[in-house]
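Input: a single structure, listed below in structure tokens.
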Amino acid sequence: MNSNQGTVGSDPVILATAGYDHTVRFWQAHSGICTRTVQHQDSQVNSLEVTPDRSMIAAAGYQHIRMYDLNSNNPNPVINYDGVSKNITSVGFHEDGRWMYTGGEDCMARIWDLRSRNLQCQRIFQVNAPINCVFLHPNQAELIVGDQSGAIHIWDLKTDQNEQLIPETDVSINSVHIDPDASYMAAVNSSGNCFVWNLTGGLGEDLTQLIPKTKIPAHKRCALKCKFSPDSTLLATCSADQTCKIWRTSNFSLMTELSIKSNNPGETSRGWMWDCAFSGDSQYIVTASSDNLARLWCVETGEIKREYSGHQKAVVCLAFNDSVLG
């Protein structure tokens, strides 16, 4: 009998959500049943990421990153990285799991060696404003950092060189993402704009070059997240306007608008759409929003397939991994 049976890590689909109620919840994606709840003491959770080997999940919060075991029902974090001031807003992993990267409101992006017994960070990249988002280029050699001054930094990990661009002065960059083919980079900001660049270079010693492709006036309110689909054909943007919009990357036209706006005239806003993640086949998308719910949608029709209900406060981040390791 498999000792992992019944644990989150043994499920081919990992769906986790977290936010302001100090819990991380794990769900059966197809049924909407919550299978496990972990108490994340004394802190909201700003970002979640599953390790490449699907053995652990990282939860970034106030002054720490905590790693929870997916292959047991241990309620306590198995590793705790701390010693950072302020909120950690972003967390992710190198594709072979050797190191973790984070960004935070202390204006620093950090690299943490996961193989080291010493739980200190190995490298720091300092910028001049609080960091909202960090994303690792698919080449695994450049970190893209977005900050509250409106700057996007490209930190070359091989040479320690960096470049920056400012698509809109003094407008906070809230999310950056590169599609799996490394053809496009997208960034969204607090004015609701989505900027898209074509990517060239980024191989060998070449730093990635960004060629402006388009600017989409995606939302009339603050845009919070952008994500490309695994097949690179779609781009999703989430916003404070209660919508997640799906754009075709062939021409960046709007394909579907997923809305949590109420049809009742008397009902006020259900809150912000904070985060999203596509399924591996790019047919479905999960969203997290401040009405305490996560939802599974059909990308093509915009139909809600499942609601994940249980959080007591806003759901601001999620991790969705339905790729089965070979």
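Along the chain as shown, the residues are counted starting at 1.
Even glycines carry a Cβ here, placed using N, Cα and C.
Residues annotated as repeat 'WD 1' in Swiss-Prot: 1-37. Swiss-Prot lists 40-80 with the feature repeat 'WD 2'. Per Swiss-Prot, repeat 'WD 3' is recorded for 83-122. Residues annotated as repeat 'WD 4' in Swiss-Prot: 126-165. Annotated repeat 'WD 5' per Swiss-Prot: 168-207, in sequence order. The annotation repeat 'WD 6' is assigned in Swiss-Prot to 218-257. The annotation repeat 'WD 7' is assigned in Swiss-Prot to 268-309.
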For the repeat 'WD 7' (268-309), the distant same-chain contacts (Cβ-Cβ under 8 Å, at least six residues beyond its ends) come to 15, 17, 19, 21, 25, 27, 29-32, 34, 222, 224-225, 227-231, 233-234, 236, 238-244, 246, 255-258, 260-262, 315-320, 322-323
The predicted model's mean pLDDT over the repeat 'WD 6' (218-257) is 98
Given the repeat 'WD 6' (218-257), its same-chain partners at Cβ distance under 8 Å and 6+ residues beyond its ends are 174-181, 183-184, 186-194, 196, 269-282, 285, 287, 289, 297, 299-302
Across the repeat 'WD 5' (168-207), DSSP yields 0 helix, 19 strand, 21 coil
Same-chain residues at least 6 beyond the ends of the repeat 'WD 4' (126-165) with a Cβ under 8 Å from one of its Cβ atoms are 86, 89-90, 92-95, 101-109, 111, 171-178, 180-182, 185, 187, 189, 202-203, 205, 207-208, 210
